[in-house]
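The annotation NADP(+) binding site is assigned in Swiss-Prot to R47 on the grounds of sequence analysis. According to Swiss-Prot, the FMN binding site annotation covers R124, S125, S126, N240, A241, G284, K299, P300, V301, A302, T303, R325.
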Amino acid sequence: MFNSFGNIFRLTSFGESHGKGIGGVIDGFPAGIVIDEEFVQQELSRRRPGQSVITTSRKEADKVEFLSGIFEGKSTGCPIGFIVWNENQHSNDYNNLEKVYRPSHADYTYTVKYGIRDHRGGGRSSARETISRVVGGALAKLALRQLGIHITAYTSQVGPIKLEGNYTDYDLDLIETNPVRCPDPEKAKEMQDLIYKIKGEGDTIGGVLTCVIKGCPIGLGQPVYGKLHAALGNAMLSINAAKAFEYGDGFKGLKQKGSEQNDVFYNNNGRIETRTNHSGGIQGGISNGQDIFFRVAFKPVATVLMEQETVNIDGIDTTLKARGRHDPCVLPRAVPIVEAMAAMTILDYYLLDRMTQL
């Protein structure tokens, strides 16, 4: 259950980290959208492993194969099926995990819940599942482009190293110029050096991604239980290793008074706008036409290459030292995943909004 995401635009994903492949079926995608398969592949390449010295060394082409729902380069309105074949599994790296539980992983909870688990690379709980999300998000981005909606995410903090400014203070075109995907070149170098150092110690580190949605029309959101920020929060917190979500000023706004936090309205040549955007583009659970921006915190990767205490499947105390190929920090590869989940959420809520009035 619960392997599907969305209401009208709906992605159902399938597959495991060391199975034959990862795939999905997308229902509710509008007909007539030009499908740029090269763009979809580029998005997957941003997520794939082995991009740099600060990511996992697992080598996968992650080539997407579309199976249905596209004809002569356009969506038909029928379900879009796709698959990405796994090619570089090293399942033997996980033989020592068959009868022990990795600290802070899903091993124990999956075993208790289902009575069985795939110990090879985490199985269904692996972040490799997010391949399906990136494909779905890439298709959603293609549709949103036609509406003038654009989504950009970037690394804004790694461990103690953080960007102090708002997204408006940076040139977001610089995000893809460094492996950390940070728009501040100096901070990016510091972040990269820290990740590399942590990797050398066999440890991991977390941080924060910031995401900005520009061009979102007024009116997206379905109060009271389908508020737009709640939907975005649900989408982000469904990503592996995501631990917290805040939009607008978030917790920072608690330090101010209401008179300081309020986004006052004014008439800008016939268009009602706000002079500030503390609300993060959402008021009353509905988009107000301003930029939507939010932050997602990711914990350090649970797999560390050092000995740790744990228990085996019989509940007996033991120790475990992980092997295999793992990310020392998820943030660089999580950037396209955050964008994908945001894109699918916005497209879904755009389609829902078309049902609000006759």
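Keep in mind that glycine also has a Cβ here, set from the backbone N, Cα and C atoms.
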C-alpha spacing of K299 (FMN binding site) relative to R47 (NADP(+) binding site), in angstrom:
18
By the count of other Cβ atoms within 10 Å, pick out the sparsest of the binding-site residues S126, T303.
S126
Residue, out of the binding-site residues R47, R124, K299, whose Cβ gathers the largest set of other Cβ atoms within 10 Å:
R47
Local Cβ density at V301 (FMN binding site) - other Cβ atoms counted within 10 Å:
22
Tally every other Cβ atom lying within 10 Å of the Cβ atom of A241 (FMN binding site).
20
Max Cα distance spanning R124, S125, S126, N240, A241, G284, K299, P300, V301, A302, T303, R325 (FMN binders), Å?
44
